[in-house]
Amino acid sequence: MGATIIVGGFWGDEGKGKIVAHVAHSDKPVIIARGGVGPNAGHTVEIDGQKFGVRMIPSGFVYKDAKLLIGAGVLVNPEVFLKEVELLKVGDRARVDYRCAIIEPKHIEADKGSEHLSKKIGTTGTGCGPANVDRVNRVAKQAKDIPELKDYLADVPLEVNQAIENGQFVLIEGSQGFGLSLYYGTYPYVTSKDTTASAIASDVGVGPTRVDDVIVVFKCFPTRVGAGPFPTEMPQEEAEKLGIVEYGTVTGRRRRIGYWDGEFARYSAMVNGATQVAITGVDKLDKECYGVTEWEKLTPKAKKFIEQVEEDVRVPVTLISTGPELKQIIDLRKEKL
């Protein structure tokens, strides 16, 4: 077996955490590795009514038989990492690549203090942009320089590639979404690095020939936090009428809501090299679909929407989320692949 990468197709908050958790429980990876920018993105997973919001530890932590690795491309805030390790009780499984660059208090201050970043761009204020600047200038500290992290250091590419060579399954999760990519997103209203599947693979040290599948996650009603173009954005009143009111996991800011954007989704699927698509929020599209776990039980409206998505992205929709709980999902991978 090789690796599967899961990334966001819009502007983040697509429900990747839920999809990662489901694939982890069903496919049983030996390693769940995290790529992406850093603790500027939050992933939420809900199990048995209990919500977990994580910013550093891979959201697949809910699958207890996998090692949890953070790739060298990810910025690490030691305080956030250690707090999550303690809260989630994953100290025996969580490891950080020794080359990860470190977010220091000065980076957070610079992020929050910059009028350009905080007012114009709408940064999350977590220090990622300024830390990446230091990394590019080759002055950033690395995880190996931080005494508090010494018990958690690893060579992530070595572990991931050895597992793949041994025929074991590795799950790699990204953060944020395609629309926030520094290269392909709605520049300058983007994050501080690329967020596509190729970049996520690079973050954890996996070459393209090792990747078997790329699952791109879209939500029925795309959302974005902060400033920037949003072609299909709907008025807040319209979103409220539909019962869609959401807040960001990290910032607590209200998310902007939009209608499905097939053209953007197609471009995102193309650049990410999607082999499968996951759709979340079908229960927001049609409340009668809440908690449904079989394709046959979806309403005609929901089925028509899924068929439209497949026409737009030209890739099979294999996973359909029908609610926040882990078990509220339709898995069509056996039928469609």
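A Cβ is built for glycine as well, from the same backbone N, Cα and C atoms used for every other residue.
Remember, it's a predicted structure, so these values are computed and weren't measured experimentally.
The annotation active site, proton acceptor is assigned in Swiss-Prot to D13 on the grounds of sequence analysis. In the three-state DSSP scheme, D13 (active site, proton acceptor) is classed as coil.
Taken from Swiss-Prot, the feature active site, proton donor covers H43. Over all protein chains present, the Cβ of H43 (active site, proton donor) has 28 other Cβ atoms lying within 10 Å. A strand conformation is recorded for H43 (active site, proton donor) in the three-state DSSP classification.
According to Swiss-Prot, the feature GTP binding site maps to 12-18, 42-44, R255, 281-283, 321-323, an assignment based on sequence analysis.
For D13, G42, the entry in Swiss-Prot reads Mg(2+) binding site.
Taken from Swiss-Prot, the feature IMP binding site applies to D13, E14, G15, K16, N40, A41, G42, H43, T124, R138, Q176, T191, R253, supported by sequence analysis. Residue environment of G42 (Mg(2+) binding site) contains 21 other Cβ atoms, counted within 10 Å of its Cβ in all protein chains.
Less than 8 angstroms from the CB of G252 (substrate binding site) sits no same-chain residue that is six or more residues away. Per Swiss-Prot, the feature substrate binding site maps to T249, V250, T251, G252, R253, R254, R255.
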Cα of G12 (GTP binding site) to Cα of R253 (IMP binding site): how many Å, rounded? 14
For H43 (active site, proton donor) and V282 (GTP binding site), what Cα-Cα distance in Å is obtained after rounding to a whole number? 19
Select the closest residue to Q176 (IMP binding site) from the following binding-site residues, measuring between CA atoms: G42, R254, R255, V282. G42
Reduced to three states, what secondary structure does DSSP give K18 (GTP binding site)? helix
Within 10 Å of D13 (active site, proton acceptor) (Cα-Cα), which of the binding-site residues N40, G42, T44, T124, R254, T322? G42, T44
Under a three-state reading of DSSP, tell me whether Q176 (IMP binding site) is helix, strand or coil. coil
When DSSP is mapped onto helix/strand/coil, what comes out for V282 (GTP binding site)? helix
